[in-house]
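See structure below.
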Amino acid sequence: MDPSAALHRRPAGGGLGAVSPALSGGQARRRKQPPRPADFKLQVIIIGSRGVGKTSLMERFTDDTFCEACKSTVGVDFKIKTVELRGKKIRLQIWDTAGQERFNSITSAYYRSAKGIILVYDITKKETFDDLPKWMKMIDKYASEDAELLLVGNKLDCETDREISRQQGEKFAQQITGMRFCEASAKDNFNVDEIFLKLVDDILKKMPLDVLRSELSNSILSLQPEPEIPPELPPPRPHVRCC
């Protein structure tokens, strides 16, 4: 039943009855339309060594903020943002994981439910690039083989201190089946939106055609806040990716 119809319905006795507070002043107050629910809920995980800028990338995308001296993530943190892409409204839950090995037993539980994985290294620190094979082993062991992969060389704003060339990043990504590559700067807000939106777009491309609208719409960011509900902790299930 339409709630507004109940406001105008007369009592059974035929009298007007008490005036509803909503009708005081002579006119009913128009109710706000509830926001359209999300068509999809997608989970994305950001991984990489300590200090590569995982938290900065997440916060730049979700809140458009940048912290010069962010504290290292302990275990797992997350943010939620709603985006519209390909005519669909997607509630994107982004998990920011700790880069220290002592947290691996905690963060590994988040891999299996992730539809997309962003692997980040610092272009100014060779050791973070050298750690990439270790992170790929984590992906092979815990992530779904259908998860979309994106390699990101972060801190492009520190170009003069670069230790890893763009060609090195591209070469690594080319060795992994289905992995995309790009460089970005959370500080300068360069390529940050593109990272997440391209990843979501690749995920949507894998979904059955009957759940997608035939017409494609431009990417529109929705900044409406979402309730922050702690993510679920699925049990890890070993799975090896075929490369």
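Positions of Cβ are set from backbone N, Cα and C atoms, glycine also.
Some features that Swiss-Prot has for this protein:
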MOD_RES   MET1  N-acetylmethionine
REGION    1-36  region 'Disordered'
MOD_RES   SER20  phosphoserine
MOD_RES   SER24  phosphoserine
BINDING   THR55, THR73, ASP96  Mg(2+) binding site
MOTIF     96-113  motif 'Switch 2'
MOD_RES   SER105  phosphoserine
LIPID     CYS242  S-geranylgeranyl cysteine
LIPID     CYS243  S-geranylgeranyl cysteine
**OP:** Ten-angstrom check, please: count other Cβ atoms within 10 Å of the Cβ of ASP96 (Mg(2+) binding site), all chains counted.
**Re:** 23
Subject >> Mean per-residue pLDDT computed across the motif 'Switch 2' (96-113) >> reply: 66
Original post:
What count of other C-beta atoms do you get within 10 angstroms of the C-beta of THR55 (Mg(2+) binding site), across all chains shown?
Top reply: 21
Original post:
Where does ASP96 (Mg(2+) binding site) sit in the DSSP three-state scheme?
Top reply: strand
Original post:
Taking DSSP three-state, what's THR55 (Mg(2+) binding site) in: helix, strand or coil?
Top reply: helix
